[in-house]
Amino acid sequence: MAKASTVTWADHKRFLALALPLTVISLSTPLLGVVDTAIMGRLPQASYIGGVSIGVLIFNTLYWLLGFLRVSTSGFSAQASGRREKQASSLALFRPLVLALVMGVLMVLFQQPLKAAAFALMSPNETVWAVASMYFDIRVWGAPFALANYVIAGWLMGMARIKLSLYLQVTMNILNMLLAVYFVAGLGMSADGVATATLIAEVGSAFIGMALIARTGLISMASLSVKSIIDSTALVKMMKVNGDLFIRTACLLAVFNYFAVYGLRYGDTILAANAVLLQLHYVIAYLLSGFSNAATVSVGQAMGEKNALLFVKTVTLTALWGGGMAILLSVSVLFLQGPLIAVFTTLPDVQEIAYQYCYWIAVFPLAAFWGLQLYGIFVGATESAPIRNSMIYSLVVYFFILWFLVPYLQNHGVWLAFIVFSLGRSLFLWPYLPRLSKKITGTAAEAVFGD
């Protein structure tokens, strides 16, 4: 049985060739909302940036909850790539694409109840809500295309067409930025301008993405039929994986929502400092997710090819590079916390509080990296139940610390709960690795790491 020592420099180069572009793609993912908010920040009324920020938050939350479309598609398509079957590759695209379009159309049909629910949760003033409503009413029509883009991106990633995926992401972001500037600065539009720009970018990206996929020659429409797309066994498997990943995302959303709720108890300054540090956390998570996504692609291919050696190498490589990046990020935060915090705020009181809690962010990469890498491994194998279970266990521990330690530790307790939650994602998912290793390689996990 192959050991970790069989990893060669060529393997490192192959893994990095996947991981580095995927890191860029991860970092560029939230740019649509960032561009919209930044452009509104140049207008004279604060209600514009507030309203658009709320609109962006609504769509970010909805699309984040439905992010399983991209994640599961990458796992299924990577396995199809490993099997080198055009029909399997085609079905790995069109099954989730149909689901994405149906869910997008439902969002359009039920846009008014969705908007009303968002208003009830956020309770903004009338001026801000008028701007948010204008933004929502336009951008919601892009929901089917935005969700289709998730599937397209996941499929390209799983098929290891990383350059095409990067090209598509960059094209969408540039198109959105240029149109937003033109509509707002050139035509004098406001929230309707940035919403229209994002809508056009999402629609255009979906059509460009499908055209790029058609040119790869990896799909065959002739091999598809309605019967094959709605095959009950395959659909049940896909829906199970998607359901588990949805629960995972819901757990994450609960963590961040309660983080904000508890932060509110300690005043505006601490709330703002926490928000700054959470932005640093997002950047770190995106940087680590590049290696996680590379693991998804490689493990999926290993599953499809029934290639035990590739699985062994992938687990080793993602542990080495993910761990190395975590150490680098942790040290960087410790030594560069001043400049990093200054990027997000110029307010002296917020900076001072952020410095007091910044060491928690330095700990975060070390606590979270292995859980993120394991997540990529299990997604590639489309073994979603362990992901779901580990998140639920971690969430229980998170709430335990919030309820019992925060009264004594206050905001430090909030951060402690978050770090333990991140560590729990590693510790609760790791015990499932031997079973997955045995399923793929025929032997236990010590074969992956050596005796």
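Yeah, the Cβs are placed from backbone N, Cα and C, and that goes for glycine too.
Under the heading transmembrane segment, TrEMBL lists 49-71 (among others).
Among the features that TrEMBL reports, transmembrane segment is placed at 92-110 (among others).
Here the transmembrane segment (130-152) has long-range neighbours at 36, 47-48, 50-52, 54-56, 58-59, 62-63, 66-67, 69-70, 73, 93, 96-97, 100-101, 103-105, 107-108, 111, 114-115, 118, 124, 168, 172, 190-192, 194-196, 198-199, 202-203, 205-206, 209-210, 213, meaning same-chain residues at least 6 beyond its ends whose C-beta is under 8 angstroms from one of its own. Taken from TrEMBL, the feature transmembrane segment applies to 130-152 (among others).
The annotation transmembrane segment is assigned in TrEMBL to 164-185 (among others).
The transmembrane segment annotation in TrEMBL covers 205-224 (among others). Listed by sequence, the residues of this chain that lie at least six past the ends of the transmembrane segment (205-224) yet keep a Cβ under 8 A from its Cβ atoms are 81, 86-87, 89-91, 93-94, 145, 148-149, 152-153, 155-156, 159, 161, 164, 167-168, 171-172, 175.
What TrEMBL records for 245-264 (among others) is transmembrane segment.
Residues annotated as transmembrane segment in TrEMBL: 270-289 (among others).
Here TrEMBL flags 310-337 (among others) as transmembrane segment.
Here TrEMBL flags 357-378 (among others) as transmembrane segment.
Residues of the same chain lying 6 or more positions beyond the ends of the transmembrane segment (390-409) and with a Cβ under 8 Å from any Cβ of it are 247-248, 251-252, 254-255, 258, 262, 371, 416-418, 420-422, 424-425, 428-429, 432. The transmembrane segment annotation in TrEMBL covers 390-409 (among others).
Sequence annotations record features per position, and here TrEMBL assigns transmembrane segment to 415-433 (among others).
Where the transmembrane segment (270-289) meets the stretches 245-264, 357-378, 415-433, the count of C-beta pairs under 8 angstroms peaks at 357-378.
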